[in-house]
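Structure first, then comments.
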Amino acid sequence: MGVLGSRVAWAWLVQLLLLQQLAGASHVVYDDLELQAAATTADGVPPSIVDSELRTGYHFQPPKNWINDPNAPMYYKGWYHLFYQYNPKGAVWGNIVWAHSVSRDLINWVALKPAIEPSIRADKYGCWSGSATMMADGTPVIMYTGVNRPDVNYQVQNVALPRNGSDPLLREWVKPGHNPVIVPEGGINATQFRDPTTAWRGADGHWRLLVGSLAGQSRGVAYVYRSRDFRRWTRAAQPLHSAPTGMWECPDFYPVTADGRREGVDTSSAVVDAAASARVKYVLKNSLDLRRYDYYTVGTYDRKAERYVPDDPAGDEHHIRYDYGNFYASKTFYDPAKRRRILWGWANESDTAADDVAKGWAGIQAIPRKVWLDPSGKQLLQWPIEEVERLRGKWPVILKDRVVKPGEHVEVTGLQTAQADVEVSFEVGSLEAAERLDPAMAYDAQRLCSARGADARGGVGPFGLWVLASAGLEEKTAVFFRVFRPAARGGGAGKPVVLMCTDPTKSSRNPNMYQPTFAGFVDTDITNGKISLRSLIDRSVVESFGAGGKACILSRVYPSLAIGKNARLYVFNNGKAEIKVSQLTAWEMKKPVMMNGA
């Protein structure tokens, strides 16, 4: 296609790429797209989009180009490793390799050369996502999806081994000649067969892992494969689990302690005795290809039957999500250094593909989160890893016992808030003004938030934060709570329903932005009137954690006015009931050493 320089051809290509990006565009095979030179011909890209102040300051992001799924995170010989899907040639999806970065603290990162690139027949047309497993001798092994037929998008599973296990940086990886080690036999859909998980070892000495797939037109499936040597694999007679949700990408399956401790559990460690099994629950997470979000269930793993059963029979229908915002293709790993489980997730851009090409970069990784089982046993709790607090400035701004009346907003001054960490505890004096929850929206937080956003006056709430706000409030991103009385059911009272929402509909004056509201119900008891919120603000991303990590929302925003020193922070209350900020603490966030100083 030799006419990329023409306006017509460029417009057509931008439309194609935008459609791919909005659909996720994570698993498509096409020829090389080298669009960097063509970026200068793009019309209609606002100057604010290419402003360097919109590039994140402390989130994981390479200096340029496209990234997506986090792959094979691990801790090895004193170093944290993160591999990730990366296009070395441009800011759109394509030419994917496994980029590789290492860190001592999960905050400051050094980029190494790509670890896995197309080089053998079994991955000639793509090296897609996968996971790492620590063998009994402590050596890591990577399993990943390869594409070896471009015409039908045929997917197989391959293995890669470190060339030198004594190298703590694992700078070189080799692919044995016996790849691929798993192929889609027995009626499996070869075009929907990918993303092998971390393996775990059973009492019988066999390793087991999952591969995500699609059965029929709509059934997501996690197939179980067994092996003694990571070379010869056999599929189990039945899947670990399946549900009518659409294709399951990037499955993740891991144990969590069920006895109230926040410690992680190594996936590869066998739990064989009944007493130990009683102290452990299992989490099965899947990334929904059609809906572009991650959901999980908590349940029981029957090792003899090779089956997983969610505790909630409706768990595959009423999805609990890691994050109700822009967060996908997640992967956890066990950190033996601090005995915790850490969650990584990809956040794509929400501007256009033309914008991404113009600015030269697309995609970030969310701040790593520690995850553990809530004492209720019903869901996970998530919290930014403690290391991120090292980036906080020395002197925080503190606001205490500040009453915010109905319709009032209060500016938080004394710091630059475009790159900040804000923790706030709210108190609601009375819940009597809470509105009745519409039964039609009792299971649809997103619809409820869209219908009644941050500016819609309510009873108890909306109250929360306006972040990345301009001086005249022409631009603002709202992160807030709203409290409802439960929908009437048989005359029972029930506990109040808490909605958490991020509303970016006024985040930018740029009319071309994708600015959806994001929302989730928070499973918390607010009858005492107390609830907390933490927001990590980083120029073009807002990551928020409600009620101690019971609900999380990540949103990408691109202000044109509220940039750098012009960004402001407010507490607001658009409800009828007054609220009190019992304490707000806000820190400016420093920039880490990211990707060799970028």
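Positions of Cβ are set from backbone N, Cα and C atoms, glycine also.
As the structure is a computational prediction, the values presented were derived from the model and not from experiment.
Per Swiss-Prot, the features are:
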ACT_SITE  Asp69  active site
CARBOHYD  Asn164  N-linked glycosylation site
CARBOHYD  Asn189  N-linked glycosylation site
CARBOHYD  Asn348  N-linked glycosylation site
SIGNAL    1-25  signal peptide
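Once Cβ contacts within 10 Å are tallied over all protein chains shown, the glycosylation sites Asn164, Asn189, Asn348 are led by Asn348. Neighbours of Asp69 (active site), defined as other CB atoms within 10 A of its CB across all chains, total 28. The Cα of Asn348 (N-linked glycosylation site) lies closest to that of Asp69, out of the recorded positions Asp69, Asn164, Asn189. Asn189 (N-linked glycosylation site) and the residue listed as 'active site' have their C-alpha atoms 22 Å apart, to the nearest angstrom. With respect to their backbone Cα atoms, Asp69 (active site) and Asn164 (N-linked glycosylation site) stand 26 Å from each other.
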